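Asks: Below you will find the structure I want to go over with you.
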Amino acid sequence: MKHLLKLQDLNKEEIIDILNLADQLKYENHNGIEHHLLKGKTLGMIFQKSSTRTRVSFETGMYQLGGQALFLSNRDLQIGRGEPVQDTARVLSRYLDGIMIRTFEQKEVEALAEYGSIPIINGLTDYCHPCQVLADLMTIREYKKSFEGLKFCFIGDGNNMANSLIVGAITMGMECAIACPEDYKPDPELIKWASENGKFTCSPNIYECAKDADILYTDVWASMGQEEEKAEREKVFKNYQINDKVVAFAKSDVIVLHCLPAHREEEITAKVFEAHANEIFDESENRLHAQKAVLVKLLQD
Ligand code: CP
Ligand code: NVA
């Protein structure tokens with residue numbers, strides 16, 4: 001494992017390895033055991049979009065591992081004034097031990113990896129969000145003990161989250177159902193891959209997808225960068241909501257997850273959100289532990 005550019009970079013064994021280390025780091029963290037596995041290391045964090053969880057969990061994670069993190073907003077970097085990513089990659093590789101980047105185009109993340117000589121971690125692009133899904137898988141395993149025989153259901157936009165969740169669910173052997181409008185499907189290549197490699201459906205029928213689900217998942221209707229489409233999307237996604245009726249189709253012990261930030265009464269009702277707040281905030285906490293595991297795997301000598 002040299003980089004984490006997308007979840008497809010990892011096979012099932014590598015994901016389990018990360019989740020096991022994440023569990024151990026979480027246990028140690030909760031029990032006051034320090035683990036300075038990245039003493040003296042520096043992670044650069046390039047943000048071209050907003051963030052609460054990704055920024056704070058990576059920064060805190062590096063600190064807890066004995067290293068440090070630098071917040072690099074594109075407003076301050078020369079990248080924001082047009083310096084090519086190829087040059088930025090080669091310069092930053094001389095100073096840093098790793099880079100986490102949140103940006104729009106996936107190809108920018110790939111270019112950093114191609115031109116730089118240090119590990120690159122994708123902190124969200126328009127195409128995918130692998131760090132979030134590692135935390136999601138960690139949370140699913142905490143609640144359900146194993147992935148065996150589980151049905152995973154995502155309701156909403158076939159966006160970056162849906163793309164990475166498909167990869168995560170199918171790779172771990174779960175059944176995967178994506179409920180989304182016809183014109184808002186996930187990446188076609190991933191749909192093809194999922195259909196060939198597991199039990200997969202993608203349909204506009206929310207109830208069929210939610211039926212007997214062990215995990216229900218949703219995300220915002222309009223992602224970062226789609227602000228101008230907000231009004232149009234509110235109409236299209238009106239019925240793609242996790243509410244009591246949808247939950248009633250799932251298994252009685254269903255867990256509900258959301259990567260956050262959440263928009264109540266849009267993709268999820270306040271009632272369902274609060275009823276499942278424990279799972280959702282465990283999921284959020286697990287960003288810290290899962291990413292620390294990724295950092296150790298990638299940055300440790
Ligand atoms: N889920 C997630 O990535 O949150 P932030 O946008 O706050 O980082
Ligand atoms: N789909 C959302 C995820 C935020 C974590 C976005 O890209 O804005």
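Every residue, even glycine, has its Cβ placed from backbone N, Cα and C.
Pulled these from TrEMBL:
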DOMAIN    2-142  domain 'Aspartate/ornithine carbamoyltransferase carbamoyl-P binding'
BINDING   Ser51, Thr52, Arg53, Thr54, Gln78, Arg102, His129, Pro130, Cys131, Gln132, Cys259, Leu260, Arg287  carbamoyl phosphate binding site
DOMAIN    148-296  domain 'Aspartate/ornithine carbamoyltransferase Asp/Orn-binding'
BINDING   Asn160, Asp219, Ser223, Met224  L-ornithine binding site
Asks: When you put Cys259 (carbamoyl phosphate binding site) at the centre and draw a 10 Å sphere around its Cα, which of the binding-site residues Asn160, Asp219, Ser223, Met224 have their Cα inside it?
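Replies: Of everything listed, what lies within 10 Å of Cys259 (carbamoyl phosphate binding site) (Cα to Cα) is Asp219.
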Asks: Who sits close to Arg53 (carbamoyl phosphate binding site): which same-chain residues at least 6 apart have their Cβ under 8 Å from its Cβ?
Replies: Leu260, Ser284, Arg287
Asks: Of all the Cα pairs drawn from Ser51, Thr52, Arg53, Thr54, Gln78, Arg102, His129, Pro130, Cys131, Gln132, Cys259, Leu260, Arg287, the residues the record ties to carbamoyl phosphate, which distance is largest, in Å?
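Replies: Roughly 30 Å, rounded to the nearest whole number.
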Asks: Determine the mean pLDDT over the domain 'Aspartate/ornithine carbamoyltransferase Asp/Orn-binding' (148-296), rounding to the nearest whole number.
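Replies: For the domain 'Aspartate/ornithine carbamoyltransferase Asp/Orn-binding' (148-296), the model's average pLDDT rounds to 98.
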Asks: Should we count any of the binding-site residues Ser51, Cys131, Asn160, Asp219, Met224 as near ligand 2, judged by a CB under 6 A from one of its atoms, and which?
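Replies: From Ser51, Cys131, Asn160, Asp219, Met224, counting a Cβ under 6 Å from ligand 2 as near, the near ones are Asn160, Asp219, Met224.
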Asks: Specify the nearest of the binding-site residues Ser51, Gln78, His129, Cys131 to Asn160 (L-ornithine binding site), where nearness means the distance between Cα atoms.
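Replies: Out of the listed candidates, the nearest Cα belongs to His129.
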Asks: Which numbers of helix, strand and coil residues does DSSP report for the domain 'Aspartate/ornithine carbamoyltransferase Asp/Orn-binding' (148-296)?
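Replies: Its residues fall into 72 helix, 25 strand, 52 coil.
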Asks: Hey, how far is Ser223 (L-ornithine binding site) from Ser51 (carbamoyl phosphate binding site), Cα to Cα, in Å?
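Replies: Distance (Cα to Cα, whole Å): 12 Å.
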Asks: Cβ within 8 Å of the L-ornithine site's Cβ centroid: which residues qualify beyond Asn160, Asp219, Ser223, Met224?
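Replies: Going along the sequence, the neighbours come out as Leu124, Asp126, His129, Asp157, Asn159, Met161, Val220, Gly225, Gln226.
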Asks: Which of these binding-site residues (Ser51, Arg53, Asn160, Asp219, Cys259, Arg287) have a C-beta closer than 6 Å to some atom of ligand 1?
Replies: Ser51, Arg53, Cys259
Asks: Work out how many Å separate Gln78 (carbamoyl phosphate binding site) and Asp219 (L-ornithine binding site) at their Cα atoms, rounded off.
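Replies: About 32 Å separates the two Cα atoms.
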Asks: Please list residues from the chain of Cys131 (carbamoyl phosphate binding site) whose Cβ is under 8 angstroms from its Cβ, counting only those at least six apart in sequence.
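Replies: Looking at Cβ-Cβ distances below 8 Å from Cys131 (carbamoyl phosphate binding site), excluding near sequence neighbours, one finds Leu4, Thr54, Ile121, Asn122, Gly123, Leu124, Arg287, Ala290, Gln291, Val294.
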Asks: Within 10 angstroms of the C-beta of Asp219 (L-ornithine binding site), what count of other C-beta atoms is obtained when all protein chains are considered?
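Replies: Result for Asp219 (L-ornithine binding site): 25 neighbouring Cβ atoms inside 10 Å.
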